[in-house]
Amino acid sequence: MRTSIATVCLSGTLEEKMHAAAAAGFDGIEVFEQDLVVSPSSPEEIRELAAQLGLSLDLYQPFRDADAVGPELFAANLRRAEAKFQLMNRLGTDTMLVCSNVGTAEIDDDEVVAGQLRELGELAARYGVRLAYEALAWGRFVDDFEHAQRIVDLADHPSVGTCLDSFHILSRAWDPAPIEGIAAEKIFFVQLADAPLLSMDVLSWSRHHRVFPGEGDFDMVGFMTHLVRAGYDGPVSLEIFNDAFRQADVNRTAVDGLRSLRWLEDQTRRALDGEPVRDTLGLQALPAVEEPAGYDFVEIRTGRLGETTRLLHQLGFALGGHHQSKENVQLWVQGPVRIVVNDDVPDGSPTEIAALGFEVADPDAAIDRATRLAALPVPRSQGPGEQVLRGVFAPDGTEVFFCGRPADGVPAWLGEFGADEESHDAALVTGVDHINMAQPWQHYDEAVLFYTSVLALAAQPSQDVPGPSGLVRSQVMRSASGAVRMPLNVAPAAAEQGSFVGAAYPEHVALYCTDVFAAARRARRRGLDFLPVPQNYYEDLDARFDLDDEFVASLQELNLLYDRDADGEFLHFYTGTLGTVFFEVVERRGGYAGFGAPNAPVRLAAQYRRSQAEHRARTEA
Ligand SMILES: O=C(O)c1ccc(O)c(O)c1
Ligand SMILES: [Mg+2]
């Protein structure tokens, strides 16, 4: 599949955007007029740079408000267009995007619009230029692709064709299936953008909230299958207007974009599997990867070993052993949960989640797939006879390892810790319930695509949780079986009133148990620092759920939180935070499938009070 990206997707100068697109592996770019106008490079120099970088200049855009106007304005538009055709000749670009008129349109007549496009096409032909007519979702008279296509057909000129942009089609909920009926040679260009479903005016939605395929809610794979069935064989180009992308590192965004196309290509190939359709796009499949069956291990890195292992002990973990060759690595276990504690960092370094090991059916296929999706491999060494563990960096720097699934349920690497085959009958904690990872706001969409494409997790609808220093966006990535659940959070950017002062927004590991009262009592006996829950919470709980007084008192005594829905109940408690990590212990009763979202603001407020108090203590000292 020939890949392209519009320069508007990327931050920086035109030259930086071109270098980033080429380095990420795109075949071509769409030149946004604005990027060229502000560049000190001449069109010839841009053409030369593109040639050096091996990039084709696939499209020049946009040409606005050309059609549906009176004769005088149209004459002016022809003059304006001719100057652009001359410029395109200097650039060496042969396709120009013409948007349906949003500003100056006054004649709502398809014959007139088609006639004007034909005239424009006639002029374009003299310069060897083709016009790709795009129905903007907010066009004055033309706002849907089928209407635009009727006009293109009426224009009936070899230099006049269609540009299909998935955003303009899917945002208006137009059925994309009629794409299949468009003559392939009339589809001059294809632009892709995904977007989260938002209820807002479509112009603002388009200009600020587009994301790469796989990062939003549109059915991008379905859209692609229609293109293939239509026989489209041109470039597939990303056109994303997004406020975060405009500020993010240009190289990262370019890689993220290419990953989205590689993923989409793979998914489309699979969706068409078995269908007798000619693959005009040349879709490449990736090595298949099944969703993970669970967590193999969690690795905590800390320069504060004592308080970290004490906390694990308080939660019921026992030392499983010390690594035979790595001096600073130890294993803590409880039931099937394995936590590797690595203190190979300077003393006092903050405690953090460093790595996650996922159980996958075929680790080699998983690493192969991840590498083809441009994920960076984690450098890792092992001693003679030790297990080879391979992984890649997630967008936030967390190491993601692909671990095999041993037949007997005992990973081979456990032997390197001299871990004994113990019975875990007495373990209160029986699994990892979920792992909550904080994401930098500008890489959030990238993280969603990473976990979707690399680990076959699916994004659930996102929620906003109110905290004292802003709203925390939360979206759960989960495997279909539910064995792996990872809420991704975006903390408010540097809030003005404190906000987790001096520390990054915390992440957490939630442990599953069958008796949260017993786990909490054991933890209290071992001196755990619980996150305190205020009296007001329990009064509100009682008002909302009409609970038994004794039950509420037992919750309050142990700082337990509670939630209930039609399917069941959820009981949980939180530990204090070490560095950027805290733990949660949860008990699910019945079919409760949520994460106690109504209680998250209580946690955020309690953590905020604590971090403010610690900050005061530090500054006063
Ligand atoms: O928002 C716009 O104006 C705009 C311009 C060009 C496009 O291709 C598009 O999809 C939107
Ligand atoms: Mg477009």
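Glycine too: its Cβ is placed from the backbone N, Cα and C atoms.
Remember, TrEMBL labels are computer predictions, not curated facts.
The C-beta environment of Glu239 (divalent metal cation binding site), restricted to residues of the same chain at least 6 apart in sequence and closer than 8 Å, consists of Ala6, Val8, Cys9, Glu30, Asp165, Phe167, Gln191, Leu192, Ala193, Arg210. In the three-state DSSP scheme, Glu239 (divalent metal cation binding site) is classed as coil. Among the features that TrEMBL reports, divalent metal cation binding site is placed at Glu134, Asp165, Gln191, Glu239.
As annotated by TrEMBL, domain 'VOC' applies to 294-405 (among others).
With helix defined as DSSP H, G or I and strand as E or B, the domain 'VOC' (431-576) counts 45 helix, 52 strand, 49 coil. The annotation domain 'VOC' is assigned in TrEMBL to 431-576 (among others).
A sphere of 10 angstroms centred on the C-beta of Glu584 (Mg(2+) binding site) encloses 22 other C-beta atoms. The DSSP secondary structure for Glu584 (Mg(2+) binding site) is strand. The Mg(2+) binding site annotation in TrEMBL covers His434, His508, Glu584.
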Within 8 Å of the Cβ centre of His434, His508, Glu584, which other residues of the chain have their Cβ, at the recorded Mg(2+) site? Asp433, Ile435, Asn436, Pro487, Val509, Ala510, Leu511, Phe583, Val586, Phe595
For divalent metal cation, what surrounds Glu134, Asp165, Gln191, Glu239 with a Cβ no more than 8 Å from their Cβ centroid? Leu97, Cys163, Leu164, Ser166, Phe167, His168, Phe189, Val190, Leu192, Ala193, Ser237
Local Cβ density at Glu134 (divalent metal cation binding site) - other Cβ atoms counted within 10 Å: 26
What is the interatomic distance between the Cα atoms of His434 (Mg(2+) binding site) and Glu134 (divalent metal cation binding site), given in whole Å? 44
Measuring Cα to Cα, how far is Glu134 (divalent metal cation binding site) from Glu584 (Mg(2+) binding site) in Å? 51
As a check: which entries in Asp165, His434, His508, the binding-site residues, place their Cβ less than 6 Å from an atom of ligand 1? Asp165
Does any of His434, His508, Glu584 have a Cβ within less than 6 Å of an atom of ligand 2? These are the binding-site residues; tell me which, or none. none
What average pLDDT is reported by the model for the domain 'VOC' (431-576)? 91
